[in-house]
Amino acid sequence: MDEAPVTRSTLNVNSQQKSKAKNKIKNTLNSNELSSIEQRKKYQKHLKKHKNTAEDISGKGNCSPPWRLLSSVLGAMCLLLMAVAMVMTTFTTKSSSERSSSTIQQEGLHHPCPENWVWFRCSCYFFSKEELIWRDSQRACLSLNSSLIRMNKEEMNFFSLKSFFWVGVYYNETRRQWLWEDHSVLPSGLFSKLEANMKNFCASYKSKEAYMEENCANKLTYICKK
C-alpha cells in the first residue's frame, strides 16, 4: 500500500494539534497549582482565625490570669495584717498606760505621806506656808520628824518653785565651805554657783538654775523631807 504524501498543510495541522495538547496540559497544571495555592491560603486563614479566637478566650474570658489572682490575695493579706497591727498597737498603749497609772497608785499606797505632804521617789516633802529664819526652819522640820531638804540632782530637776525656800545648806566659816546641815560636804557640782566667804549665810532654792546665798536671819518658807 502506498504511503500518503506528506504535505505542508499536513505538517501545519500536526503542529497545531501538538500546540493545543501542550496548552491543555499547561492549563491543567496551572489550574492544579492555583487550586493548591487557594487551599493553602484557606488553611492559613483558618489557622489565623482559630488563633485569634483562642487569644480572645484567654484575654476576655471569665478566668483571670494566675498573677492577678495572686496579687489580689496578697493585697487582702496586707490589709488584714495592717488592721491587726493597728489593733495590737492600740491595745498595747492602753495596757501600758493602765499599768503605769496602777503602779503609781500602788506605790502611793505603799508609801503614804501625811496630810499636806507630797510624795516623790519614795520620799515625802512638806512645803511650808509660814516664813521662818533658817535655824527655826530646822527646828520646825525636826518637830515633824523630818529635816530641811537635802537635795540631789534628781530633785533639783523635779522641783521648780514659784518662790525661794530654805534648804538644808549653810556656809561654815571655820571650814570655809558650804555644807549640809549635818556638816557633811556637798557633792561636786551641786549648788556650785554659791559664793564663798559668806559669813552667816544659808542657801535658798527656787529651781535648779535659781538658788542663792541668803542671810540666815532672813525669814523664808522652807521644805522638809522624810
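The backbone N, Cα and C atoms fix where each Cβ goes, and this holds for glycine too.
Looking at 1-28, 29-56, 85-112, the range tied to region 'Disordered' in Swiss-Prot is 1-28.
Of the candidates ASN145, ASN172, Swiss-Prot records N-linked glycosylation site for ASN145; the remaining residues carry no such annotation there, which does not rule it out for them.
Within the same chain, the residues at least 6 positions away from ASN145 (N-linked glycosylation site) whose Cβ sits under 8 Å from its Cβ are LYS226, listed in sequence order.
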